[in-house]
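**Student:** Take a look at this one; I'll ask things after.
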C-alpha cells in the first residue's frame, strides 16, 4: 500500500518538498542557510506575535509599552531580546545565503534568484519599519533621515514623504502605519518564500561543483533533514547565548532614551546590517545620487546572472574569481565599518573607494575575469 504522505493532496506537497526531494549528494554546510532563514522567519513571527499582544503603537505610550514588556510581562524581556537579536541572525544567514549563491553560481536559476532579491528587499523593509517601533531616539531619527531620502525623487518627492509620514513630520500616524506594515510584511515574505521554493524545486538544488547532479542524488530525509537539524541547534544556541548574555550588544545606546524631536543624536546610523548600504549612500555628495546608489547596491544583484561570462558555473575551479569574491567580502566589511563612522577625513575617502570597488566588482571585474578564465582554459 502506498504511504499516505505520497497520496494525500496536501501531505504530498510537503512530502515532495521535505521528504522525498531528490537532493545533490555533495551539497556542503553552505546550503544549510536556506532552512536557517526559514527558522529565523518562524522565530521572528512567533516572538513578534507575542510582542504585538502587549505593544501599543502610539507615540505617547510606545516606549513605555516596550519597558512594560521587559519588566512586567512573563518572559517579556526574553521574547523581546530574541526578537531584536533574531533580526541580526536573520541578516547574518541572509548575507551568507546570498554569498553562497554568488560563489557557486546559483544565480543562474534566474527566477529563484530574482525572487530572492525581492525577498531581500522585503526583509530590509520589514527590519527598517520594525526598528522604528520602540520609539527611542535612534528609532525616531533613523525613520526621519531614511524616509526623508524619498524627497530626492524629482517633482513628487516632497509629496511622497508627507504621504508616507501622514503629516509634516514623523509623528503618531507614521508610527501606527509602520506597526501595521511590520505586522503585515512577514506574511507577504512567507508567500514569497513559498514561490522561492516552488521555483527552486522546478530545477533542483545547485551543488559545489556546479555540475549536473541528476545521476547522483539522495532523498532529503533523513540525510539533509538531520544536517539541517544540526544547523538549527547551532543557530538557536548562538542566538540564546547572545540574547541571554549580551542582549544589547548590537543595539544602539541612544534607543534607551525616548524619542525627542528637539534633540538630534550626534551620529545617526541604522542597525549594523544596513551599514554597508548606508556607507554607499553617504559616499555620494548628492542626495538623489546617494539614493540611487543605495537602491542599486541591492538591485545590482539582479544583473549578476546577465553578466555571467564564464563557461563554468561556480567558482570552485576559478582561483582569480575566487580572489575577487573574497575581495567583495572584505569590501562589504570595510563598508560596514565606514557606515558606523562619522562623516570626516579619512572615513569619507575610504567609503568612496570602497563604494567604487563594490560596483566595479559586480559590473566590471567579475565579467572580465570570467572572459579571461575562458581564454586561459582554451590556451591550456
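Backbone N, Cα and C define each Cβ position, glycine as well.
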**Student:** Which residue range, 178-198, 199-219, 262-282, is the one Swiss-Prot calls transmembrane segment?
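**Tutor:** That would be 178-198, per the transmembrane segment entry in Swiss-Prot.
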**Student:** Can you say which of 8-28, 113-133 is given as transmembrane segment in Swiss-Prot?
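**Tutor:** So the range that Swiss-Prot calls transmembrane segment is 113-133.
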**Student:** Take the transmembrane segment (288-308) and find every residue of the same chain, 6 or more past its ends, with a Cβ under 8 Å from one of its Cβ atoms.
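**Tutor:** Distant contacts of the transmembrane segment (288-308): 98, 102, 105, 107-108, 110, 113-114, 117, 120-121, 124, 149-150, 152-154, 276-278, 280-282, 355, 358-359, 362-363, 366-367, 370.
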**Student:** Residue 196 (heme b b566 binding site) to residue 83 (heme b b562 binding site): how many Å between their Cα atoms?
**Tutor:** 24
**Student:** How big is the Cα-to-Cα gap, in Å, between residue 182 (heme b b562 binding site) and residue 201 (ubiquinone binding site)?
**Tutor:** 29
**Student:** Express the distance between the Cα positions of residue 97 (heme b b566 binding site) and residue 201 (ubiquinone binding site) as a whole number of Å.
**Tutor:** 17
**Student:** Measure the Cβ-based neighbour count of residue 201 (ubiquinone binding site), defined as the other Cβ atoms within 10 Å of its Cβ.
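**Tutor:** Result for residue 201 (ubiquinone binding site): 14 other Cβ atoms within 10 Å.
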**Student:** Six or more residues out from either end of the transmembrane segment (33-53), which same-chain residues have a Cβ under 8 Å from its Cβ atoms?
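**Tutor:** Non-local partners: 69, 76, 79-80, 82-83, 86-87, 89-90, 93-94, 96-97, 100, 182-183, 186, 189-190, 193, 228, 231-232, 235-236, 239.
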